[in-house]
Amino acid sequence: MTLTIHSAPGSSGYLDMYPERRMSYFGNPYILGLTLTAGIGGLLFGYDTGVISGALLYIKDDFQVVKQSSFLQETIVSMALVGAMIGAASGGWINDYYGRKKATLFADVVFAAGAIVMAVAPDPYVLIAGRFLVGLGVGVASVTAPVYIAEASPSEVRGGLVSTNVLMITGGQFLSYLVNSAFTQVPGTWRWMLGVSGVPAVVQFGLMLFMPESPRWLYMKNRKEEAIQVLSKMYGISRLEDEINHLSAAEEEEKLQKDTISYLDVFRSKEMRLAFFAGAGLQAFQQFTGINTVMYYSPTIVQMAGFSSNQLALLLSLIVAAMNAAGTVVGIYFIDHCGRKKLALSSLCGVIVSLIILSVSFLKQSDVSTDGGIYGWLAVLGLALYIAFFAPGMGPVPWTVNSEIYPQQYRGICGGMSATVNWISNLIVAQTFLSIAEAAGTGVTFLILAGIAVLAVVFVIVFVPETQGLTFSEVEQIWKERAWGSSRDSNNMEGLLEQGSRS
């Protein structure tokens, strides 16, 4: 196939001129299949975060030492988060050096190995080792899946396709609640709960063997023929030439940059500092506004609201998980129609209102209530509203934005660093929520989360650009203009820096 390479047009420009080249979410089965296959990594992510809460009840029954030690219980839960932090931090380098496909295969092998270790663990210490391995796999997958999907997605539906990974995360959490319920009467309860998590990893490994490498990664590694073969399965001939033009322009620009990138290089470049601050800030606020507190402790929150029945608490928690998954489906539609920034802001405004309702319900609740009462039901309403507002916006937006705001040579390493920020924030919130609630009261704790959500609104307004429908090159230009002023000033500054480096 012979194609003439011209200067790359802006996506918004040529797609407006040629609307017939626009692609819908379901427009290409090949891209959708690739997205769903990569999204199994999100399913592993979600399942692992949800399953341990139910499994821990039965682990305590099997291991008396765990039942007698709150430290061991916390370690069993949090060791997966420690592994995820390390996996996310190293996942960026693995992605950039070995490619998105091999990184996914590596994550699957590690996750499956961890699932087997957990299922056969003879003591809690081997179980903790298995939890670490599973976390390591989840950490690498949490970096890889959004980037892999973004680089294989048409710009006009990139947000929705990347958000599919978040849908898989929330679907995994819902699945974990179902599995917890299904295995309650089965011998070796917790071993089945934890061991079955290896099945999706094996399935993804098998499917990924037939999936291509990211075309953008291939092109930047000078494997252009392979990249064009992959792109030809995604686009018709008219759109194909435009997509190759974009890659060619990006390649020319990256030839002027350094060949190897270190973590320190992210902070030496003003554009990258701005981009990383926006991306990592979104990831931190996603956690500090309380989402995984709600998911980890929703049964506890329901019981705090006065519903003492374990079965009712678990049922209401299952409904919360289902709403989380359903809300993400809504987000898949709106993220490419309303834009990332508007969706995040509207989501945060709803989250603030919901957290205030939760706070008021707990502050007003009577200590002697046994059936929940009006304030108990108000707490459940606040919980439902929180999920309804969070899931479509602040659920997918941080992952989508982080998959598209970094230049190719920084995408893996910055994606890994920002995912690490997410996991660290996750660990901090998970480890402190119950302690703060005990010390200051649950109502005050939710009020603190509402205050953090207000800060998040200001952060998004000031630091996060709109990236809806933009090519990666156009997003890069945003950071150059924010760092150096206008496009002309940016070019002049780059020229001066290049002259300085030569002299």
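The backbone N, Cα and C atoms fix where each Cβ goes, glycine too.
Since this is a predicted model, take the numbers as computed values, not measurements.
The domain 'Major facilitator superfamily (MFS) profile' annotation in TrEMBL covers 34-468.
The transmembrane segment feature in TrEMBL is assigned to 30-59 (among others).
According to TrEMBL, the transmembrane segment annotation covers 71-93 (among others). A Cβ distance under 8 Å defines the sequence-distant neighbours of the transmembrane segment (71-93), meaning residues of its chain 6+ beyond its ends; these are 48, 52, 56, 59-60, 65, 103, 107, 110, 124, 127-128, 131-144, 412-417, 419-420, 422-424, 426-427, 430-431.
Under the heading transmembrane segment, TrEMBL lists 105-122 (among others).
The transmembrane segment annotation in TrEMBL covers 128-149 (among others).
Annotation source TrEMBL lists transmembrane segment at 161-180 (among others). With a cut-off of 8 Å between Cβ atoms, the residues of this chain six or more beyond the transmembrane segment (161-180) that come close are 25, 31-32, 35-36, 38-51, 53-55, 145-146, 149-150, 153, 193, 196, 295, 314, 317-318, 321-322, 324-325, 327-329, 331-332, 335, 391, 395-396, 399-400, 403-404.
Annotation source TrEMBL lists transmembrane segment at 192-211 (among others).
Taken from TrEMBL, the feature transmembrane segment covers 274-297 (among others). Residues of the same chain lying 6 or more positions beyond the ends of the transmembrane segment (274-297) and with a Cβ under 8 Å from any Cβ of it are 49-50, 53, 173, 266-267, 320-321, 324, 344, 348, 351, 355, 383, 386-387, 390, 394-395, 397-398, 401-402, 405-406, 410, 414-415, 417-419, 421-422, 425-426, 428-430, 433-434, 446, 449, 452-453, 455-456, 459-460, 463-465, 479, 482-483.
Marked as transmembrane segment by TrEMBL: 312-336 (among others). The list of residues near the transmembrane segment (312-336) in space but at least 6 beyond its ends in sequence, with Cβ under 8 angstroms from a Cβ of it, reads 25, 50, 156-160, 163-164, 166-167, 169-171, 173-174, 177-178, 181, 294-295, 298-300, 302-303, 343, 380, 383-384, 387-393, 395-397, 400, 468-469.
The feature transmembrane segment is assigned by TrEMBL to 343-362 (among others).
Annotated transmembrane segment per TrEMBL: 374-392 (among others), in sequence order.
As annotated by TrEMBL, transmembrane segment applies to 413-437 (among others). Residues 74, 77-78, 81-82, 84-85, 88-93, 95-96, 139, 142-143, 146-147, 261, 263, 266, 272, 275-276, 279-280, 282-284, 286-288, 290, 292-293, 296-297, 300, 304, 398, 402-403, 406, 445, 448 of the same chain lie 6 or more positions beyond the ends of the transmembrane segment (413-437) yet place their CB under 8 Å from a CB of it.
As annotated by TrEMBL, transmembrane segment applies to 443-464 (among others).
Within its own chain, the transmembrane segment (128-149) has Cβ neighbours under 8 Å at 34-35, 38-39, 41-42, 44-45, 48, 52, 75-76, 79-92, 94-95, 100-101, 103-104, 106-119, 121, 161-162, 164-165, 194, 197, 201, 214, 399-400, 402-403, 411-412, 415-416, 419-420, 422-423, counting only residues six or more beyond its boundaries.
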